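First the structure, in the form of structure tokens, and then the observations on it.
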Amino acid sequence: MATEETPNPPPPLQSQTLPPSTLPLYPEMIMTAVEALNNEANKSAISKHIETAYPNIPATHSTLLSHHLNKMKQSGQLVLVKNNYMKPDPNAPPKRGRGRPPKPKAPMSPGAVASPPRPRGRPPKPRDPFAPVPSPTKKAASSGSGRPRGRPPKKVKTAASSAPAVAPTGGSPRGRGRPPKVKPAVAPVGC
């Protein structure tokens, strides 16, 4: 009986660990580039400064740089002025949001009760207190010709009016649209 020998299992893979990156984090590299470049720190200048200062940058450098610049701009770590990135001025007033700022509310006294908010729309016209009150059932007559406003309604066909109208020259009623061309009569041949 032949014994089957199992092949030797492959040796365990050695963990392929990359050497720890000597690059600092992107926000740190960006801040050092902004400090070094002063007020001429646009995106391309920051990129060139990082490439010269750190030779082992990843292949996705431009994408990472754009992402971190946008993130730092939104968080307030950097300010973008005329396409140049700079550190925000600590003495500058805070940036105001869009739109009109709300009116400051006056503090109410402790015993006062807040009135309900004003309803939407245009307020009604003031009425004359000495004028007679119009009755709600009687509709005010419209001034002018006495006819109602707008287009008159279509007339409903009744039994007497539903009979077809007879054309004065012919015996059949005229249909809608353009009448068809009259073809000349053809006499039968060979009878």
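Placement of Cβ uses the backbone N, Cα and C atoms for every residue, glycine included.
TrEMBL annotations: computationally assigned, not manually curated.
Database features (TrEMBL):
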type: COMPBIAS; residues: 14-23; note: compositional bias 'Low complexity'
type: COMPBIAS; residues: 148-157; note: compositional bias 'Basic residues'
type: COMPBIAS; residues: 158-171; note: compositional bias 'Low complexity'
type: DOMAIN; residues: 22-89; note: domain 'H15'
type: REGION; residues: 1-23; note: region 'Disordered'
type: REGION; residues: 84-191; note: region 'Disordered'
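Taking H, G and I as helix, E and B as strand and the rest as coil, DSSP gives the domain 'H15' (22-89) the counts 38 helix, 6 strand, 24 coil. Across the compositional bias 'Basic residues' (148-157), DSSP classifies residues as 0 helix, 0 strand, 10 coil.
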